[in-house]
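For reference, Swiss-Prot has these:
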- C131: active site, glycyl thioester intermediate (ACT_SITE)
- 36-45: compositional bias 'Polar residues' (COMPBIAS)
- K136: ISG15 cross-link (CROSSLNK)
- S2: N-acetylserine (MOD_RES)
Amino acid sequence: MSDDDSRASTSSSSSSSSNQQTEKEGSTPKKKESKVSMSKNSKLLSTSAKRIQKELADITLDPPPNCSAGPKGDNIYEWRSTILGPPGSVYEGGVFFLDITFTPEYPFKPPKVTFRTRIYHCNINSQGVICLDILKDNWSPALTISKVLLSICSLLTDCNPADPLVGSIATQYMTNRAEHDRMARQWTKRYAT
């Protein structure tokens, strides 16, 4: 073997081992990074699960008037809620079912709350989506699911036609209240009793 061949062989083996070292070094931070993000997710999960457990205990001991809520099954992040139509409202006598979905980011992100029971309301669309500021931009970690349910009950008593999700119902509410109320009562009787 000549000196040139020997140098080339040494050079290629040292560059090969340096490549392997770089590859190892490159993969190590990725592993650490994924462990960090997994750890962060676990921490969020445990924070959210603890908070949801506490709220479940609170709502079981002291439910908001005309409301109930709790997990659908074993999954603490999936709840079913029942709201009775507020007395004196066009929804009186109705029983409305809602789905509540918490994310691992709860309480830093709002829960997703949707009506499962059809309802004639300018702030609730046909898919059950609710237009309520505290479920969007005005969410605060200080809010609880009990306060959310109370706000929804309040929305059933006093809708917000100035910020509608269903424009035609809002217009009817403002221009022909008697017809609006008749339709809301009819839907309540048909879908919520």
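Each Cβ is built from the backbone N, Cα and C atoms, and glycine gets one as well.
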Handout entry: Cβ neighbours of the residue listed as 'ISG15 cross-link' where a neighbour is any other Cβ within 10 Å
Key = 10
Practice task
List the same-chain residues at least 6 positions away in sequence whose Cβ sits under 8 Å from the Cβ of C131 (active site, glycyl thioester intermediate), in sequence order, or say none.
Solution key: N123, I124, N125, N160, D163, P164, L165
